[in-house]
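Listed features, source TrEMBL:
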type     : residues                                                             : note
ACT_SITE : ASP37                                                                : active site, proton acceptor
ACT_SITE : ASP202                                                               : active site, proton donor
BINDING  : SER10, HIS76, GLY173, PHE174, GLY175, GLY176, GLY204, GLY224, SER225 : substrate binding site
BINDING  : HIS35, ASP37, HIS76, ASP202                                          : divalent metal cation binding site
Amino acid sequence: MAPPAIIAPSILSADFGNLGHECSRTISQGADWLHVDIMDGHFVPNLTFGPPVVVKIRSHVAKPTEAYGKGTFDCHMMIAEPKKWVKEFKNAGCDLYCFHYEAATSSAAESPEAISELKTSPRELIRYIHDNGMLAGIAIKPGTSVDVLWEILESPDAKDRPDMVLVMTVEPGFGGQKFMASCLPKVEALRTRYPDLNIEVDGGLGPGTIDQAADAGANVIVAGSAVFGAKDPAEVIALLREAVDKRSASGRL
Ligand SMILES: O=C(CO)[C@@H](O)[C@H](O)COP(=O)(O)O
């Protein structure tokens, strides 16, 4: 049986003028985690917010009392230099630091010094995140093959292995995009090899697409516009959870 459903609304679609209230309300409506999209205008063509905002919204949501618990801040780091910000996001209240494989392995940093200082292998970065007291996630964009993850997931030392894999189902950068079902074979391949792994999907998830994602084996569901744009967000959160748990319980995952 796959791990239980974790519903993580993306606050990218929340009312930024009332962000603290939006976060606490979403948790009280049944969300497990909050998915916090951090964009640097460089790795993706959009800008969101940094540690000071995370500090403020953290104070509106009780810290989880256990790993993966309710109130987990799942920070999706769409930034070119993921190593650079680990400590600051830990101090700001991040619980799960999910970086992009593409950012950790490309030379997106601007100078050779910055590259040697800030670039590191995904395994080293995962260890560094763990050493800083956070869960570690690794994300892949739609164009990135799932094959790049096998070696990382097979790391002999658990400290170098991710706690979660995020398979993007849209190009990262913006909310409200169309779900890319073409990314689901990656989820299936991950679930087949790793029955217990937390597999997150992000982009275009909602009542119309959740069944496909759940069938493929995803259990951590990010939904922005489908939750924050709903008349009854609690109903949507419950529907997403039910779809995942139903498939998990059926034993097909
Ligand atoms: O990371 C991203 C976008 O880059 C996502 O978290 C979106 O914010 C999801 O929004 P919807 O597609 O659910 O509206």
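Any Cβ shown, glycine's included, is placed from N, Cα and C.
TrEMBL entries are annotated by machine, without manual review.
The Cβ of HIS35 (divalent metal cation binding site) lies under 8 Å from the Cβ of ALA8, PRO9, SER10, ILE11, ASP74, HIS76, ASP202, VAL222, GLY224, each of which sits 6+ residues away along the same chain. In this structure, of the active-site residues ASP37, ASP202, the smallest number of CB atoms within 10 A of the CB marks ASP37. When the alpha carbons of GLY173 (substrate binding site) and the residue listed as 'active site, proton acceptor' are compared, the span between them is 9 angstrom. Note: the CA-CA distance between SER225 (substrate binding site) and ASP37 (active site, proton acceptor) rounds to 13 Å. Shown are the binding-site residues SER10, SER225; the one with the most C-beta atoms within 10 angstroms of its own C-beta is SER10. Classification of HIS76 (divalent metal cation binding site) by DSSP places it within a strand. If you take the Cα of ASP37 (active site, proton acceptor) and the Cα of GLY175 (substrate binding site), they are about 10 angstrom apart, rounded to a whole number. Listed in chain order, the residues near the substrate site other than SER10, HIS76, GLY173, PHE174, GLY175, GLY176, GLY204, GLY224, SER225 are LEU12, SER13, ASP37, VAL170, GLN177, ASP202, GLY203, each with its Cβ within 8 Å of the site Cβ centroid. Other residues of the chain with a Cβ within 8 Å of the Cβ centroid of HIS35, ASP37, HIS76, ASP202, the divalent metal cation site, are ALA8, SER10, LEU12, VAL36, ASP74, CYS98, LEU166, VAL222, GLY224.
Of all the binding-site residues given, namely GLY173, GLY175, GLY204, the one with the smallest number of surrounding CB atoms inside 10 A is GLY173.
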